[in-house]
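Feature list (source: Swiss-Prot):
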- Lys12, Leu13, Ser14, Gly15, Gly55, Arg59, Thr162, Asn163, Tyr168, Asp171: ATP binding site (BINDING)
- Gly54, Asp74, Thr135, Gly136, Asn137, Pro138, Tyr139, Phe140, Thr141, Thr142: UMP binding site (BINDING)
Amino acid sequence: MAEPIYRRVLVKLSGEYFAGPQDYGIDQATIDRVAGELIAARSLGIEIAVVIGGGNIFRGVEVSARGVSRTTGDTMGMLATVMNCLALAEALQRHGQKARTLAALMMPEVCELYTRAAAEQTLREGGIALLAAGTGNPYFTTDTAAVLRAAEIGAGAVLKATNVDGVYSADPKLDPNAKRFEKLTHSEALAGGYKVMDATAFALARETSLPIIVFSIAEPGSIGAVLSGAGRATVVAG
């Protein structure tokens, strides 16, 4: 395998993926497989931080439509991301990989508070930093949190793990004529309205000149392959 393109990255994982075939909650086999993928990438000498969504457990936007305030709903969603990070941290540790959960909300009995210094220390010491609770503020998605944290810790790129191998002009599962893009600029991604990440995340990535690499997590070895320039992915940069 070729030398990795980046030495420090942030991997953005969807909470929905953690549900596995059951569509809700945490599927342990899926968690273990993701842990294995991250450990394999870490073995290449890459420093890895991770942001996970919480949609497999709770979605604040959906509950706010049923009468709960958006602020409360988003806060509940942040707690779901903490659950996912704790589950992944335990899976990583069980396989011998040091991992540390750092949350944007204070909950000292559960995990440590996120600071850039704590995250960078974890990475330098060979651990995987799991960054929970989004930005710690309502109205911001975990995609935006991923770009923000990546910029803060000096990551070379955000790896956006999805269930398809890049950005398409339409949902390839619904439209057989959907066009797959090898590369897009941040502005093109914003103008195209592609649903792979929200507009705020793309705009922040453009402002900070941070590449976003969109790939399929379903393929074994996909993280390492993408980081070595061998995997199928769409690069959003420039």
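Every residue, even glycine, has its Cβ placed from backbone N, Cα and C.
Locations of recorded Swiss-Prot features on the structure.
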residue	record	DSSP class
Lys12	ATP binding site	strand
Gly54	UMP binding site	coil
Thr135	UMP binding site	coil
Thr141	UMP binding site	coil
Thr162	ATP binding site	strand
Tyr168	ATP binding site	strand
>> Between the Cα atoms of Thr135 (UMP binding site) and Thr162 (ATP binding site), what distance do you get, rounded to the nearest Å?
In response: 21
> Among all the protein chains here, how many other CB atoms are within 10 A of the CB of Gly55 (ATP binding site)?
Replying inline: 22
> Cα-Cα separation of Tyr139 (UMP binding site) and Tyr168 (ATP binding site), in Å?
Replying inline: 26
> Rounded to the nearest angstrom, how far is the Cα of Thr141 (UMP binding site) from the Cα of Ser14 (ATP binding site)?
Replying inline: 11
> Any idea which of the binding-site residues Ser14, Thr135, Asn137, Thr162 has the thinnest Cβ neighbourhood at 10 Å?
Replying inline: Asn137
>> Assuming the binding residues for ATP are exactly those in the record, Lys12, Leu13, Ser14, Gly15, Gly55, Arg59, Thr162, Asn163, Tyr168, Asp171, what is the maximum CA-CA distance in angstrom, rounded?
In response: 25
> Taking only the binding-site residues Gly54, Asn137, Thr141, which one has a CA atom nearest to the CA atom of Tyr168 (ATP binding site)?
Replying inline: Thr141
> Which residue, out of the binding-site residues Tyr139, Tyr168, shows the minimum number of other Cβ atoms inside 10 Å of its Cβ in this structure?
Replying inline: Tyr139
> Cα-Cα separation of Lys12 (ATP binding site) and Asn137 (UMP binding site), in Å?
Replying inline: 18
